[in-house]
């Protein structure tokens, strides 16, 4: 290699790598539950977390539609294939794509306009594990959904290991908002979730009280059973 000839290219590659690394967001995922949680992230994959264990992932700037969730009662073989009672992602330990409801979600879009991250906790896919989603420094709001929703779940929404959102059960516009903005509103079922977790999305168009911002470049902590 002609070093002097390729120096500008090397400098450019280094600058791109450095920029991406320094502006990526770190998510520290911690299991404080008394039981094992199989953490999942999109992007990021998956990891078994016994009580007290943690897992850190770096997420690239500009990532949208990101989410982190926990899976319960899983069994995987040596090749990382198996099944989970809640939150299962196509039978894979290393998730590719999203999980199967019910699963409590930490959702995010990084480095959006005005140098903001958009973050939320969502019960739109139901609830399976209490969750905290917070910045690692005091730069924006700590979000928590820590209510006994599984134990108090309405009979119509009960499912092994979790509590379904009504969209999953009934699949109508009233609960799924499939007809677009303004086509649905709060229901008795969504109020069940909202009363117990005011910070969290309770139905798809619950943006006004459930979507929050943090400065771009913020690092985060996701805690199961805070």
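Glycine residues also receive a Cβ, built from the backbone N, Cα and C atoms like all the rest.
TrEMBL: automatically predicted annotations, no manual curation.
Annotated disulfide bond per TrEMBL: 33-225 (among others), in sequence order. Counting only residues at least six positions away in the same chain, the Cβ atoms of 51, 129, 130, 224, 225 sit under 8 Å from the Cβ of residue 33 (disulfide bond).
What TrEMBL records for 74-84 (among others) is disulfide bond. With a 10 A radius on its CB, residue 74 (disulfide bond) counts 20 other CB atoms from all the protein chains.
For residue 89 (disulfide bond), applying a Cβ distance below 8 Å and a minimum sequence separation of six or more within one chain yields 40, 46, 71, 95, 96, 97, 98, 99, 100. According to TrEMBL, the feature disulfide bond maps to 89-95 (among others).
Feature annotation from TrEMBL assigns disulfide bond to 140-214 (among others).
Listed in sequence order, the residues of the same chain lying 6 or more apart from residue 145 (disulfide bond) and placing their CB within less than 8 Å of its CB are 104, 121, 123, 127, 130, 131, 132, 196, 197, 199, 200. Residues or ranges marked as disulfide bond in TrEMBL: 145-197 (among others).
If you take the C-beta of residue 163 (disulfide bond) and look for same-chain residues 6 or more apart in sequence within under 8 angstroms, you find 102, 126, 127, 128, 149, 150, 153, 154, 157. Look at TrEMBL and you will find 153-163 (among others) tagged as disulfide bond.
Residue environment of residue 167 (disulfide bond) contains 23 other Cβ atoms, counted within 10 Å of its Cβ in all protein chains. Per TrEMBL, disulfide bond is recorded for 167-176 (among others).
The number of other Cβ atoms within 10 Å of the Cβ belonging to residue 184 (disulfide bond), over all protein chains shown, comes to 21. What TrEMBL records for 177-184 (among others) is disulfide bond.
Residues or ranges marked as signal peptide by TrEMBL: 1-24.
Of all Cβ atoms in the protein chains displayed, 17 besides its own lie within 10 Å of the Cβ of residue 140 (disulfide bond). Ranked by Cβ neighbours within 10 A across all protein chains shown, the disulfide-bonded residues 84, 153, 176, 214, 225 are led by 84. Proximity to residue 184 (disulfide bond), defined by a C-alpha to C-alpha distance within 10 angstroms, is shown by the following disulfide-bonded residues from 74, 140, 167, 176: 176.
Taking all protein chains in view, 24 other C-beta atoms sit within 10 angstroms of the C-beta of residue 197 (disulfide bond). Over all protein chains present, the Cβ of residue 95 (disulfide bond) has 24 other Cβ atoms lying within 10 Å.
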